[in-house]
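Here the structure comes first, spelled out in C-alpha cells, and everything after it is commentary.
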Amino acid sequence: MNKKASIFLVGPMGAGKTTVGKRLGETLALEFIDSDHEIELRTGVDIPYIFEKEGEPGFRRREKAVIADLTLRSGIVLATGGGSVLDPDNRQCLAGRGFVVYLHASVDQQLARTARSDNRPLLKNSANRREVLETLFSQRDPLYREIADLVLDTDERSAKALVKEIQDRLADPDS
Ligand SMILES: Nc1ncnc2c1ncn2[C@@H]1O[C@H](COP(=O)(O)OP(=O)(O)OP(=O)(O)O)[C@@H](O)[C@H]1O
Ligand SMILES: O=C(O)C1=C[C@@H](O)[C@@H](O)[C@H](O)C1
Ligand SMILES: [Mg+2]
C-alpha cells in the first residue's frame with residue numbers, strides 16, 4: 001500500500017474502532033485520530049452534551065465537517081463514529097480518500113462491549129439496548145459494506161490479532 005494512504009475504520013459502537021485504531025497506528029507508525037474525539041476537541045464539550053443541546057442533527061453536522069477535513073489528511077489511522085456512514089458525502093470522502101476497514105461485530109458482542117460505559121447517547125436512555133443496536137445494525141451494515149475495502153469479523157478476536165490481519169492485508173491485498 002502507498003505509505004501515504006490513510007486507513008479509515010468504520011463499524012458499529014463497540015466494534016473496536018478506537019481500540020484497534022490506536023494499536024494499528026502504533027504498529028504502522030501512523031498518527032491515530034478518532035473523529036468523535038476530534039469533535040470533542042473542536043467544541044470543547046463531550047458528545048452527550050452536543051446531543052443534549054443540538055440533538056442528533058447538530059452532532060451530524062459537526063461530524064460531517066470533521067470527516068471532510070480529516071479524510072484529506074494522508075498517512076493517518078482514523079477511527080470514525082458509528083453513524084458517520086449515514087451521510088452520503090461522508091461515505092464518498094471515506095471511500096475515495098483511503099483504505100476502508102469495516103470492523104464487524106455481532107449485536108451480542110456490541111452489547112457486551114458497550115455495557116459498562118454511558119457515553120453513547122443513542123444507547124444511554126434506552127430501555128432496550130439490544131433493540132436499538134439491532135435497528136442501527138440493520139440500517140448501517142449495508143452502508144459499512146458499501147464502502148469497505150476489507151471486512152473483518154471482530155467477535156471473539158483480540159485487538160492484537162485484528163491489527164495483525166489488517167497489517168497483513170495491507171502488505172498483500174490478495175492474501
Ligand atoms: N477485539 C476486542 N476484543 C475485546 N474487547 C474489545 C475488542 N475491541 C474493543 N474491545 C473493548 O470494547 C469496548 C469498546 O471498544 P471501542 O471503544 O474501541 O469501540 P468503538 O468501535 O470505538 O465504539 P464507538 O463507536 O462507540 O466509539 C472497549 O472497552 C474495548 O476495550
Ligand atoms: O452510532 C452512532 O451513531 C454513534 C456512535 C459514536 O461513535 C458517536 O459518534 C455517537 O455517540 C453516535
Ligand atoms: Mg470509538
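Just so you know, glycine gets a Cβ as well, placed from its N, Cα and C.
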GLY14, ALA15, GLY16, LYS17, THR18, THR19, ARG157 bind ATP per TrEMBL; candidate in ARG42, ARG120, ARG130, ARG169 listed for that same site: ARG120
8 Å Cβ shell about ASP36, ARG60, GLY82, ARG140 centroid, substrate site members excluded: MET13, GLU63, THR80, GLY81, GLY83, SER84, VAL85, LEU86
C-beta crowding around GLY14 (ATP binding site), within 10 angstroms: 24
For ASP36 (substrate binding site), nearby residues of its own chain (Cβ under 8 Å, 6 or more apart in sequence): THR18, ILE47, ALA79, GLY81
Spatial neighbours of GLY14 (ATP binding site) among the binding-site residues ARG60, GLY82, ARG140 [C-alpha, 10 Å]: GLY82
Contacting binding-site residues, sequence order - ALA15, ASP36, ARG120 vs ligand 2, Cβ under 6 Å: ASP36, ARG120
